[in-house]
């Protein structure tokens, strides 16, 4: 009688986890078998057998897992569920891990400790520093950023500078190239880069020839480049040479001729500069009329030169100069004859 009384008391003192473990062992099942049958993780089965219901995801899971476990081992599942509820109510069970979405933002259980907060702050500063260095190295423009007005000026100037060469090249390629003969019978030959002849003749004075715009790499061959005036789009450019010289395979595209204009002045521009300076010199040369003739310079009187020029060269020059006056000396000689007659009469 005492044994029958003590057995219910022993059963009442036995915990829910112990009852389920004892029933599993009595049925000859392992935890792996129960886990495969109930689809409950083995770690949760261990928590139930050890009465660590706080390790389960929550109160609902603790009761549900225990009920399923009891059904698998043949124990009254309702009694087990009630026992679990009682143990949860009697124990100091906290439901901080029931569901992740059930935690409030200000829940103390979710607030990190002081050390974790410091680590997070330092990590944030490091990330910000890395972002700043990356931005300065790869994304930020070099130098200080100019103000709005300066930026507008730089953009306009750079755009104009970048567009100027393209516009100039496009305009130069479309301008007609015209050669005009300044003298008669100027032989010239034009041909393209493949050697195909475009024109060959002796150009008359004033005759013009326009290089075909569709010619590929036009070139010229002539011996009188100085007698050919060149215009590109109606604008005069320097001649291919300043004097008669044979040139061959000289490109005559608009771009090539305009490029020569930047490096050398036009021949037509230099000619007027030299012509005025040479004309006065040529006019001054044929005017020897005001200067005394050589005969006049060599006809000084012999009397003044005899005492003033002791040099033998001057005396020789004076002796070699036959003067008409010296031939008239015998004509004047009758004067001393008259003196002789007077002396004769006196005798």
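Each Cβ is built from the backbone N, Cα and C atoms, and glycine gets one as well.
Note: the domain 'HTH cro/C1-type' (19-80) comprises 46 helix, 0 strand, 16 coil (DSSP; helix = H, G, I, strand = E, B). Positions annotated as domain 'HTH cro/C1-type' by TrEMBL: 19-80.
Proximity of distant same-chain residues to the transmembrane segment (115-135), defined by a Cβ-Cβ separation under 8 Å and at least 6 residues beyond the stretch ends, is recorded for none. Look at TrEMBL and you will find 115-135 tagged as transmembrane segment.
Summarising the annotation, TrEMBL assigns compositional bias 'Low complexity' to 264-286 (among others).
Feature annotation from TrEMBL assigns compositional bias 'Pro residues' to 301-310.
Marked as compositional bias 'Low complexity' by TrEMBL: 311-325 (among others).
Taken from TrEMBL, the feature compositional bias 'Acidic residues' applies to 338-347.
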